[in-house]
Structure formats: C-alpha cells, structure tokens
Amino acid sequence: MEGADLLTAGVLFLFAAVAAVPLAARLGIGAVLGYLLAGIAIGPWGLGFISDVDEILHFSELGVVFLMFIIGLELNPSRLWQLRRSIFGVGAAQVLLSAAVLAGLLMLADFLWQAAVVGGIGLAMSSTAMALQLMREKGMNRSESGQLGFSVLLFQDLAVIPALALVPLLAGSVDEHFDWFKVAMKVLAFAVMLIGGRYLLRPVFRFIAASGVREVFTAATLLLVLSAALFMDALGLSMALGTFIAGVLLAESEYRHELENAIDPFKGLLLGLFFISVGMSLNLGVLYTHLLWVAASVVILVVIKMLTLYLLARLYGIRSSERMQFASVLSQGGEFAFVLFSTASSQRLFQGDQMALLLVTVTLSMMTTPLLMKGIDKWLSRRLNGPEENDEKPWVEDDKPQVIVVGFGRFGQVIARLLMANKMRITVLERDIGAVNLMRKYGYKVYYGDATQVELLRSAGAEAAESIVITCNEPEDTMKLVALCQQHFPHLHILARARGRVEAHELLQAGVTQFSRETFSSALELGRKTLVSLGMHPHQAQRAQLHFRRLDMRMLRELIPEHSDMVQISRAREARRELEEIFQREMQQERRQLDGWDEFE
C-alpha cells in the first residue's frame, strides 16, 4: 500500500471508529460490535473504500500483540505456574473436544477428513482480542471464571505452533528428510530470547529511565514489543506469544506500571483497527449465496463451544452463575482461524468455497458474542436481582436505601461493613457474580450489573437514596458514573475513591469534593505510628498527622493540572516550608503543655 493510500486508509479507519463506536455504545451493543460494523461499512462489500483487506488485517494483529504484552506485565512467573492446571488441563480439553466434534460435523458436510481436521482446530480457537476486551468490560478479569478464560486463551496461543506444523503433514507435502538442524536452531534462539530477556531487560530499562526523557522510554517500550513480535514471527511462532513472554519477564520489574502506561494508547487504537479489519473481511457474496449453510454453521459453532466450555467450567468447579459468562465470552471463532485456513488453502486442502464459508462463519460468530453477552447479562440481572422464594429476608426495613455503594472489592467491603454495622440502609452494586452471591447469602440487598446503566441505578433506589459511594477499580468507570449521577440524580451526595492525585484532580474538576485516596490515609496512619516509635508523644504525632493531612489537601486543590510545572513546583516548595514552620511551632507549644493521651490502637 502506497504512502498516500495508507494515509487515506488511516483517515477512513479513524472516521469509521469515531462514527460507529459512540453509536454502538448509545444502542447498548458495545464497542467491539461497533468496530465490526464499521469495518463492514467501509470494506469491499460495503462502500468499497478499502479493498486490500489482507495486508491491513496482518498489520492490525499488532493490537493483539500489544494486548498480550500488557497481560504479561500483570502476570509474574510464579502466578503463571499457579495457572498450569487450568492452562494445560481445561485449555487442552477445550481445544481437543471442540475440534473433534467440529471436525466430525465438517466431514458430514462433505469436507475431506484432512480439511475437516484443520477446520475443526481453527474453529475451536477463540478470539483473544475480543474475549479479553469483553472480560475487561464485564469485570470478569478479577473473577475465577475470568482467570480460567485467560488460561484457555493462553493455551490456544500455545497451540498455534503444533497446529501450523500439522497442516503440511495432512497435505502430504512434508519433506522426506526432516531438517532437525533448523528445528534445533529455532529452539536455541527461543532459549536465548528467554535468558537474554531475563537478565538484560531490567538493566537496559534502568539505563533508559536514567535519561529522564519520557519519549525515549516510550520508544524503547515500542521497540521491545515490536522486536519480540518480529523475532517470534521469524521463528514461525506466534507474535502474541512472544510479546506475552516479554511482558512476563518484566512483570516483577520496577518499570511495570510505566511500561503499561506507555503501551496502553497504542493497544486501544490497534485493537480497534483489528476489529474493523475483521469486519472488512466479511464476504457478503458468500453469505448471500450460502445463507442457510452459514446461518446454521454459526449457530452450531456457538452452541457446541458453549456446551463444551460450560461442561468444563462445571467440572473445574466454577460457580453456576459464572459458567454462562465463561462459556459465552469464548464461544466465537478467533483471529487464528484466518492464519490457519490461509495456510491450509496454500496447501490445497480446501475445495471450492470451503475456506470462504469457514471464514464467514468465524467472522459472524465474532459478531454474535457481544449480543450474546448482553443477553446473558440481562438474564443474570433478572435472576440475581429479582426476588426469589428461598432468599433470606434482608435486615433492611424498606426498599429505599440511604446509601448506594458501587463496588464490593477490598475498598468497598470496608465501607459497606462500616455502614451496615451502624444500621444504615445500603444497596450494593457489583459486577462480580461471586461477590453478589456471597452478599445475598448473608441477606444483604445487592444488585448484579453495570452501575453505569441508568436503569440499574433506578432499580437500586438511586432516586430515593441520599448518597452514593463509588469504589470502582477503573478511574474511567468512576468518572462516567459521576457524570451519570450528576445528570440523572443531582440530589445524590457523591463520595468517591481516587487511586492517586491524578484521579483526585479529575474528581475535583468534576465537582466532587468528598473523596479518599486509597493509600493516603493508611500511609498517614503508619507515618504517625513511626513518629511514636521514634519517641514523639502520641498526642503530638496525631496533631502532626492532622496538620499534614490538611496542608496536603490544600495543595491538592491548588496544584490543579492547568498550572504549569514551574508553578506547581514553586507552590509545592512553599507548602513544604509552611508545613515545617507549623511543626516547629507545634513542638514548642507541646513542651509547654501537659501530656495529652497515650498511644492507642
């Protein structure tokens, strides 16, 4: 693709995303389906703006590559070892069972047995990009079902290597003299990558970080990700697997969060490009001429994979309320099918339109997943939020809560327990089904679902409540919920959790004055105890803590992001001098006073 054509394509992609995704969000069908529909619209079977789909699809796989790098950063080697049972147990069982059943059905549909085996393996794979995106949107990444889903996806990425090696064997085109030397060199190169990454990456990033130039750090991160992807591709392995390993090697480094922040914007854009490319690849001509065959194959594919995944989730011990989410989020075909089927086609395993039919089936199955997840969410919401005959009667006296608590993680649990201990009427909103089930067992009123949905807030009693406490893990969810409450429930007193100073500034700018930084209070308390351990009187240490809190909050309100760096630095130095003067006066006053109270727990 020429430079001018590439620029035009980039503009079209951005326009399609900007136009389609907000519309999809407004319709409640999710961003992923919006990207897919945008791809259909601008692709060769839509308005025809772009015709070179294969090249763009290959480039857009970088979105999956960046996503796997970030996932690797969140998993250290010890955590990965803990998942070995689910990766090689449940993951292997899912691929083998699904592939066997689907291959049998393809043979009944007049596929050669060799083509049926390749087709069954390809259809058994799920979309890593789509599944992980949906799991994050639904809050599944913290749940047991989300961890199991990730394990299955990781095994599927590992299965890419033997699956591609199987194609020439099935086609009968393998060389009589197997090149063991070439295989040994690939294994050696892979080992060098692991050992070199283990001992060289951290010193290299330490050297780069010492320069103090953020752009260089971002460039080094991009260089690492793209180099790992190209290296694995040259070895004939999965690019996503290479960047995942690079992420795992850096998971315990001090640069983990900075690496994640540097990559995140590129990951989001390239993932969007990937989904648009998948939509562009949908062959509407084949769909039109084989409509019944394709429709039946999509339904059969989704049903078989859901049944297999549901059965494995049950055997693994996943809660019944989480099994449907787990089964549906992995029910689609995946991006690996495009690679495997193209390789098989080059070996002449498929006849006629067989490859096109399989690719259309995979693409349409990917489009069904967001709709399927939305339907299951509604079903779970009715099941969990509706009254049941066997439910214990909650201790709340009526259906009008005083406080709505959003989120029942570690932060939200402490708040909810304190409120309940003081007989406050509360309603908890939570996206984690396991937490919902636990709360309902104890008789507390709890709603399952996404708190950023207005109807859920209404059914939870937002119109009658006095306050809402927002403890979301994601800052984006917090700000979205703040805007929603200010628009639809302006009477609510909003209290929120802030992860740090940046989120605190965003809350202040949105008009939220009551918030708590999650580590600030505990750090102050530990600092107070440290002062006492160094010989300071408990009463004096408490006053020092209060002065520090008051001055820090004043600095937080004054040092808003609109000010330049020099203004912020100047005010920070001034505040530090003021704090030292206050402490000096306090120490002189304490010497003239009698002792106050002693240390307490």
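The backbone N, Cα and C atoms fix where each Cβ goes, and this holds for glycine too.
Residues annotated as domain 'RCK N-terminal' in Swiss-Prot, with sequence analysis given as evidence: 400-519. When pLDDT is averaged over the domain 'RCK N-terminal' (400-519), the result is 82.
What Swiss-Prot lists as transmembrane segment is 4-24 (among others), and the listing cites sequence analysis.
Nonlocal intrachain contacts for the transmembrane segment (29-49), taken as residues 6+ away from its ends with a CB within less than 8 angstroms of a stretch CB, comprise 12-13, 16-17, 19-23, 130, 133-134, 137, 272, 275-285, 363, 366-367, 369-371, 373-374. Positions annotated as transmembrane segment by Swiss-Prot, on the basis of sequence analysis: 29-49 (among others).
Residues or ranges marked as transmembrane segment in Swiss-Prot: 55-75 (among others).
Within the chain, the transmembrane segment (87-107) has long-range Cβ neighbours (under 8 A, six or more residues past its boundaries) at 113, 115-117, 119-121, 123-125, 148, 151-156, 158-159, 300-301, 304-305, 308-309, 312, 316, 330. According to Swiss-Prot, the feature transmembrane segment maps to 87-107 (among others).
Residues annotated as transmembrane segment in Swiss-Prot: 111-131 (among others).
Taken from Swiss-Prot, the feature transmembrane segment applies to 177-197 (among others), supported by sequence analysis.
As annotated by Swiss-Prot, transmembrane segment applies to 207-227 (among others). Non-local neighbours of the transmembrane segment (207-227) in the same chain are 62, 65-66, 69, 201, 243, 246, 255, 258-259, 262-263, 266; each lies 6+ residues outside the stretch with a CB under 8 Å from one of its CB atoms.
Same-chain neighbours of the transmembrane segment (230-250): 61, 64-77, 80, 128, 154, 157-158, 160-161, 164, 186, 189-190, 193-194, 197-198, 201-202, 205, 224, 256, 259, counting only residues six or more beyond its ends whose CB sits under 8 Å from a CB of the stretch. Under the heading transmembrane segment, Swiss-Prot lists 230-250 (among others), citing sequence analysis as support.
Look at Swiss-Prot and you will find 262-282 (among others) tagged as transmembrane segment, backed by sequence analysis.
Taking Cβ pairs closer than 8 Å, the transmembrane segment (284-304) reaches residues 40, 45, 98, 101-102, 105, 123, 331-333, 353, 356-357, 360-361, 364-365, 368, 372 in its own chain, all 6 or more past its ends. According to Swiss-Prot, the feature transmembrane segment maps to 284-304 (among others).
Per Swiss-Prot, the feature transmembrane segment maps to 324-344 (among others).
The transmembrane segment feature in Swiss-Prot is assigned to 356-376 (among others).
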Surrounding residues of the transmembrane segment (324-344) on its own chain - C-beta under 8 Å, 6+ positions past either end: 57, 61, 64, 94, 115, 118-119, 121-123, 125-131, 134-135, 138, 140, 145-146, 148-149, 152-153, 156, 160, 163-164, 167, 170-171, 274, 278, 281, 301-302, 305-307, 309-310, 313, 318, 350, 355, 358-359, 361-363, 365-366, 368-369, 372-373, 376, 379-380, 433
The transmembrane segment (111-131) versus listed stretches 4-24, 262-282, 356-376: most Cβ pairs under 8 Å: 356-376
